[in-house]
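Trainee: The structure follows.
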Amino acid sequence: MASDVERPRFSSISKDGASSGEIGTEQEPLLKNGSNEVEEYSVVSAILPFLFPAFGGLLYGYDIGATSSATISIQSATLSGISWYNLSSLQVGLITSGSLYGALIGSILAFNVADFLGRRKELIVSAVTYLVGGLLTALAPSFTLMVIGRFIYGIGIGLAMHAAPMYIAETAPSQIRGRLISLKEFFIVLGMLVGYIAGSLLVDIVTGWRYMYGVSVPLSLIMGVGMWWLPASPRWILLRVVQGKGDAQVLRKVAIDCLCQLRGAAIGESAPQKVDEILSELSYMCEEQEATLAEVFQGKCLKALIIGGGLVLFQQITGQPSVLYYAATIFQSAGFPEASDATKVSVLLGLLKLIMTGVAVLVVDRLGRRPLLLGGVSGITVSLVLLGSYYSFLGDVPALAVVALLVYVGCYQLSFGPIGWLMISEIFPLRQRGRGLSIAVLINFGANAAVALAFSPLQELLGAGAVFFIFGGIAILAIIFIFFYIPETKGLTLEEIEAKIL
């Protein structure tokens with residue numbers, strides 16, 4: 001292990017393209033000419049490094065979908081199969097939000113352990129907490145143990161939502177990075193849909209809620225085993241090289257092996273050169289020192305935090321949880337009695353969310369981040385104004401509310417849904433990425449909890465129409481923020497984003 005005084009510093013690539021492999025002090029930015037080379041990769045080899053981290057999102061979404069039906073099942077005197085089914089509204093709220101508050105704690109934990117563990121090990125720990133939390137919740141003999149299980153499961157959510165986008169961003173080829181990270185959002189929505197479907201099938205079975213939560217156990221096992229098999233992020237390994245946290249040549253070889261496993265045979269003999277390019281850029285960008293808390297709020301990282309944190313904040317405070325809260329009421333008032341059952345409405349909306357997320361996945365690397373954000377949030381603004389109008393003075397036109405609801409869901413999944421997670425995973429500098437992204441995830445879950453907590457009191461005080469108009473006004477502010485602050489990162493490598501945008 002190199003000491004703090006003897007931290008290695010790789011020299012830049014020599015003119016003939018070979019790395020000198022020496023410790024040096026002179027670096028030249030590889031991006032000075034604005035080059036943007038296409039990364040060679042095998043499609044088959046790129047699937048698994050995305051798939052197993054994406055299971056973290058699938059398990060997050062599944063929890064949302066399953067809980068909506070589990071809270072119905074667990075309160076049934078005949079179907080719950082327990083003696084403590086007569087729960088108060090506060091107790092139901094603890095079951096529903098227990099995983100959310102666990103996710104907040106998971107985000108805080110990630111701030112301190114992410115760079116030490118690395119992205120891969122953090123996802124393995126996440127899979128273990130998913131497994132323990134799912135088992136404890138499904139087998140809980142008492143309300144207290146069930147809430148503890150929900151809390152532990154939530155810690156897994158916080159860790160997974162922090163590490164998964166980082167791992168995917170750092171291992172994916174730049175030309176499909178946006179598509180793969182957006183596809184993680186697709187997996188979140190897919191998990192929600194699977195949870196809604198499982199809930200609708202199991203809600204009439206005795207102790208059905210136990211089976212609903214139990215489904216997460218084999219899924220978490222798949223995630224854990226898959227992450228154990230996958231290699232570490234080469235960029236994280238190389239960050240340890242420039243920070244002197246291991247033998248430089250040994251870690252460089254490990255990074256080359258990991259990159260070859262991630263890219264497949266298509267990368268050929270170019271893996272060592274690619275690794276040396278990343279090393280040279282890390283040295284040039286002065287990544288030698290480990291990031292401190294103060295640095296997260298300075299310089300490049302502060303700019304990234306404003307971009308990413310602002311985006312995920314607007315993602316929540318434009319009312320996404322609250323709009324879905326009114327879904328069943330809107331469909332019932334529109335004359336769809338068969339859709340008045342919450343589980344059926346949820347499946348319908350889940351299908352729409354899945355389809356629109358699929359559209360975003362297909363076009364994000366072709367159209368770019370900014371056009372989808374500006375167009376999608378504009379649609380969200382219109383839908384919120386329509387919902388406010390419906391609840392204020394157009395209550396006799398329920399079809400308007402249905403259209404507004406569907407437009408909102410569709411536009412959210414084209415914009416905030418996938419691109420919020422995409423931007424926070426690629427915008428932070430590598431050295432501060434772990435801590436910066438943990439703050440962004442904390443903002444996301446914190447704002448979600450705040451909106452969920454404040455909505456009912458605001459609705460009672462001001463009325464639903466006024467609240468939706470307020471959300472619409474916030475959405476207009478979001479458009480202004482996106483227009484002036486959100487950069488276009490389409491097609492850029494992570495190093496190019498740091499060099500050109502921050």
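The backbone N, Cα and C atoms fix where each Cβ goes, and this holds for glycine too.
This is the feature table in TrEMBL:
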REGION    1-29  region 'Disordered'
TRANSMEM  41-62  transmembrane segment
DOMAIN    49-490  domain 'Major facilitator superfamily (MFS) profile'
TRANSMEM  82-111  transmembrane segment
TRANSMEM  123-145  transmembrane segment
TRANSMEM  151-169  transmembrane segment
TRANSMEM  181-199  transmembrane segment
TRANSMEM  211-230  transmembrane segment
TRANSMEM  304-327  transmembrane segment
TRANSMEM  347-365  transmembrane segment
TRANSMEM  372-393  transmembrane segment
TRANSMEM  399-424  transmembrane segment
TRANSMEM  436-455  transmembrane segment
TRANSMEM  461-486  transmembrane segment
Trainee: Quickly jot the same-chain residues contacting the transmembrane segment (123-145) by Cβ under 8 Å, restricted to those at least six beyond its ends, or write none.
Mentor: 52-53, 55-56, 59, 84, 87, 91, 99, 102, 106, 117, 151-157, 159-160, 163-164, 167, 210-211, 213-214, 216-217, 219-221, 223-224, 227-228
Trainee: Mind checking which residues reach the transmembrane segment (82-111)? Cβ under 8 Å, same chain, six or more beyond either end.
Mentor: 63, 67, 70-71, 74-76, 122, 126, 129, 133, 142-143, 146-147, 150-159, 161-163, 207, 434-435, 437-439, 441-442, 445-446, 448-449, 452
Trainee: Count the CB pairs under 8 A between the transmembrane segment (151-169) and each of 347-365, 372-393, 399-424, then give me the winner.
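Mentor: It is 399-424, which has the most Cβ pairs under 8 Å.
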Trainee: I need to check the long-range neighbours of the transmembrane segment (304-327): which residues 6 or more away from its ends have a CB within less than 8 Å of a CB in the stretch?
Mentor: 296-297, 345-346, 349, 373, 377, 380, 383-384, 387, 405, 408-409, 412, 416-417, 419-420, 423-424, 427-429, 432, 436-437, 439-441, 443-444, 447-448, 450-452, 455, 464, 467-468, 471, 474-475, 477-478, 481-482, 485-487, 502
Trainee: State the residues, same chain only, that lie 6 or more residues beyond the ends of the transmembrane segment (399-424) and have a CB under 8 A from a CB inside it; answer 'none' if no residue qualifies.
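Mentor: For the transmembrane segment (399-424), the sequence-distant neighbours (Cβ-Cβ under 8 Å, at least 6 residues beyond its ends) are 161, 165, 178, 181-182, 184-186, 189, 307-309, 311-312, 314-315, 318, 320, 323-324, 326-327, 330-331, 333-334, 349, 352-353, 356-357, 359-361, 364, 369, 372-373, 375-380, 382-384, 386-387, 389-391, 437, 440-441, 444, 486, 489.
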Trainee: Let me know the model's mean pLDDT on the domain 'Major facilitator superfamily (MFS) profile' (49-490).
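Mentor: Mean pLDDT for the domain 'Major facilitator superfamily (MFS) profile' (49-490): 86.
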Trainee: Counting only residues 6 or more past its boundaries, what in the same chain has a CB within less than 8 Å of a CB in the transmembrane segment (347-365)?
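Mentor: Tertiary neighbours of the transmembrane segment (347-365) are 65, 175-179, 182-183, 185-186, 189-190, 192-193, 196-197, 200, 324, 327, 331, 339, 372, 405-406, 409-415, 417-419, 422, 490-491.
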Trainee: Take the transmembrane segment (461-486) and find every residue of the same chain, 6 or more past its ends, with a Cβ under 8 Å from one of its Cβ atoms.
Mentor: 306-307, 310-311, 314, 317-319, 322-323, 326, 369-370, 373-374, 377-378, 380-381, 384-385, 387-393, 423, 455
